[in-house]
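Reading through the structure tokens given below for one structure.
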Amino acid sequence: MSAQTPGAGTAPAAPAAPAPVAVALDAPDLGTAVALAEAVGPHVSTLKVGLELYLREGAEAVRAVREAGGGREVFLDLKLHDIPNTVAGGARSVASLEPAYLTVHALGGTAMIRAAAEAAPRTKIVAVTVLTSMAEEDLQAIGLAGPSIDAVRRLAALSVAAGARAIVCSPREVAAVRAEVGAGIDLITPGVRPAGAALGDQTRVATPEQALADGADLLVVGRPITAAADPGRAAAEIAAALRR
Ligand SMILES: O=c1ccn([C@@H]2O[C@H](COP(=O)(O)O)[C@@H](O)[C@H]2O)c(=O)[nH]1
């Protein structure tokens, strides 16, 4: 894909209020990510920088996609998971970039989550409960017995008590997690697929409309937008579906 491709189509006019969608800019280089950010920025609230882009381009990725996206919020999805001192150092290292969100793995536990929250007080620490790619049998295989919803609820409650201000769970678990953590915590759902879209490696999925109806605050959508022939149009169509 050339750097020009994502914005090339004739996407519908941008709405006044961008949709509560974080586009996962999982791109192989900065030029592609910037072109995607330009194309989708008018339609969505948030741009997500993950491992592929950050490990290659570093802090410049955050600055560049923020500018290209017209100042949209940046979600830094690094999924930190280490001893508390190391995670605190990692969170401190990226705090000056002022991402709206920074992910850590809830499985790192209370002390690790608290260390991240204290190290980056101006960023919402987001605890990832159980990856949306994992099915029940995957959890059994790593010794997390019981239905995934039990682990998700437990990890969400622990994370919020430790200072996380947002939770990643699958869209299928949003209602249960809301009941667990109450209001005031952002519930963020990857594993979002418009009807008929390829699942790829995601297993615990729902449509954007269902995720929003069940109470998600921010929907993470990657490949259904970034792999589309016209990413700007794909983002605009999902945003329009969420307004209906
Ligand atoms: O449990 C999780 C946590 C994070 N992700 C991230 O979200 C996007 C999803 O991309 P798609 O292309 O829409 O599948 C991706 O960046 C993941 O790293 C997740 O999928 N599940």
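A Cβ is built for glycine as well, from the same backbone N, Cα and C atoms used for every other residue.
Note that the structure is a prediction, hence the values are computed from the model and not measured.
The domain 'Orotidine 5'-phosphate decarboxylase' annotation in TrEMBL covers 20-238.
Under the heading substrate binding site, TrEMBL lists Asp26, Lys48, 77-86, Thr132, Arg193, Gln202, 222-223. Under the three-state DSSP scheme, Asp26 (substrate binding site) falls in the coil class.
Within its own chain, Lys79 (active site, proton donor) has Leu51, Thr103, Val104, His105, Val128 as residues 6 or more apart in sequence whose C-beta sits under 8 angstroms from its own. The annotation active site, proton donor is assigned in TrEMBL to Lys79.
Sequence-distant contacts of Pro84 (substrate binding site), defined as residues of its own chain at least six apart whose C-beta falls under 8 angstroms from its C-beta, comprise Gly108, Ala111, Met112, Arg114, Ala115. Within the same chain, the residues at least 6 positions away from Asp26 (substrate binding site) whose Cβ sits under 8 Å from its Cβ are Gly50, Glu52, Leu53, Gly222, Arg223, Thr226, listed in sequence order.
Checked against ligand 1, the binding-site residues Asp26, Leu78, His81, Pro84, Thr132, Gly222 give Asp26, Thr132, Gly222 as the ones with a Cβ under 6 Å from it, listed in sequence order. Counting other CB atoms no more than 10 Å from each candidate's CB, the binding-site residues Leu78, His81, Thr132, Gly222 peak at Thr132.
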